[in-house]
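J.: As listed in Swiss-Prot for this protein:
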DOMAIN    10-286  domain 'tr-type G'
BINDING   19-26, 83-87, 137-140  GTP binding site
Amino acid sequence: MARDVLTDLTKVRNIGIMAHIDAGKTTTTERILYYTGITYKIGEVHDGAATMDWMEEEQKRGITITSAATTTFWGDNQINIIDTPGHVDFTVEVERSLRVLDGAVAVFDGKEGVEPQSEQVWRQADKYEVPRICFVNKMDKLGADFYYTVRTIEERLAAKPLVLQLPIGSESDFQGVVDLVRMKALTWRGEVKKGEDYAVEDIPAELADEAAKYREQLVEAVAETDEALMEAYFGGEELTEEQIKNGIRKLTINREAFPVLCGTAFKNKGVQPMLDAVVDYLPSPLDVPPVQGLLPDGETAAERKPSTQEPFAALVSKISVHPFFGKLTYVRVYSGKVSSGTQVINSTKERKERIGKMFQMHSNKENPVDEIQAGHIYAVIGLKDTTTGDTLCDPQNPIVLESMTFPAPVIEVAIEPKTKADQEKLSTAIQKLAEEDPTFQVKLDDETGQTIIKGMGELHLEVLVNRMKSDFKVEANIGKPQVAYRETIRKTVEKYEYTHKKQTGGSGQFARVIISLEPIEQSADSATYEFENKVTGGRVPREYIPSVDQGAQDAMQYGVLAGYPLVGIKVTLLDGQYHEVDSSEMAFKIAGSIAMKEAAAKASPALLEPIMAVEVTTPEDYMGDVIGDLNSRRGHIQAMEERSGVRVVKAQVPLSEMFGYVGDLRSKTQGRANYSMVFDSYAEVPANVAKEIIAKATGE
């Protein structure tokens, strides 16, 4: 039976489960749902039966693709959980879930320690200042090493681990944990009723010294949070359990340290103490600073406190298509409350919206609620023009909350429907999937008439194409993956003048613009473009300025070298001229567009390609072959290190050189090496390679 949403926000936790692919996130979430009483049968990822992996694609692959949201209770506390994907191609899901969370559980593989994707997700959580606790999972795995994993958290993430538990036994002999706060042993003997019952015992004699050492470090870290505690500690007083817990909570919420616990979710050991830690140490909506935003003027800062007494404000974190309700919009409510049927304003797009039915979600099942209120995550239906990152708020007290930034797609494929009937279904499928996923983009190739879909990697596009088949019944042919190149400029062009004039009977067209172009720094997660207006004395009327901006942006879509989108450019409108009768928005848009294109051709244009951060794990014997192969792919070796008896090579390699790498690596190392790859940045293509790419793109 669904319980009501808690209004006492001190007892609410909005958390995410984040990790590298295969570290055991979904299994951990499943166990949480089981122990908190929502699922009555434990779902296993291996069987394709996990509750949170509700899309057919996820169940088939055993990985999480979209961040399912679920609400559950632990004791008298409410935990809203988002299970995020760990595969690099689905960064957008991680990004948008972290934006609306207050805290997270970072799950690590007890044998592998910090892996490349865990590092990337950790950095994303740093960006949104999310407090975390760490759960070292898979302690029953052959080669699991708790202390090694703690070391990698410190070294690779430059984070301060705060060890709260030590493992009792390891690998197949892993029996439980030493709780350093209570100084007791918690043991799970055998497979007792799915691990629900655990014994609280004295610490085994052989672990007493180790436990005392780590307890000392813990108490010292806690004492440093408060002068009174520091005096008591150095005065030889024992700190109480409550004082220690309060100190850990303070360190965690301030992100000065990250509590580390351990267990094995698959074998049902260590999950309940981890849930206790979520409640004890992660922040409630009241512990995080008020959410920041801007008033509609776009300049005045404003904030909303997490209270139902404040005006309503919510951020849209995700859109998904539901088989019965159609468009489901997930929102994190930061302040105020609204009931069904209320009119709100989408302040990002300045559109009115009416909220229809509202639900508290459990994976893909829904519990209807009468009102949505501050501090919680819900799904609502009935919103027409709202997309991910938009703000919904009280029409009388508008605010625009900080949105999310999503990386530009790096790979594209052509897609062709097999029949005329598929053509219509394909358009619907593409529109719905693009609504759900901001990193999935579509364009029509003007020359070939083909539909091109773009995404974050081969797996990302493969999953989307398979969803078109399963969810929308579209049959389509898919082309070979292509790299999403970009173009940029290398030098500044001052005062470039263009006049657009047309006289064909009746009123003509007239617009003169003088612009400058300059290269600007590009960030990994946005295709940068800036526009500045420096026109004085009304030489270009104010109502035409946005048209020049729009024209320049239109021209950015097709670069001058090979027709790839332009990035990293600042356009400044310096001066211009207009005609009382013949000038129009359209005339200035055309002038802005052509001026931009012609000026870019004079600004030393260059071709850019996506560079991937590649990490290869290989036995020592194949090290030479692996490095030689990466060098032959125009790779730059960044670092080499030893990790758990194998060698790790880190390199930066152009994406265009990485197609088919998985097969080549397998054959070179007899299948003993593996690799991971994440998008790093865009970089200039060497001249000899660029020449070939441009010739191919322009058909020369």
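Each residue, glycine too, has its Cβ placed from N, Cα and C.
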J.: Average the pLDDT scores across the domain 'tr-type G' (10-286) and report the rounded value.
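T.: The answer is 81, the mean pLDDT of the model over that range.
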J.: When you measure from the Cβ of Met139 (GTP binding site), how many other Cβ atoms are you left with inside 10 Å?
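T.: Met139 (GTP binding site) is surrounded by 28 other Cβ atoms within 10 Å.
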J.: What is the number of other Cβ atoms found within 10 Å of the Cβ of Ala19 (GTP binding site)?
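T.: So the Cβ neighbour count for Ala19 (GTP binding site) comes to 30.
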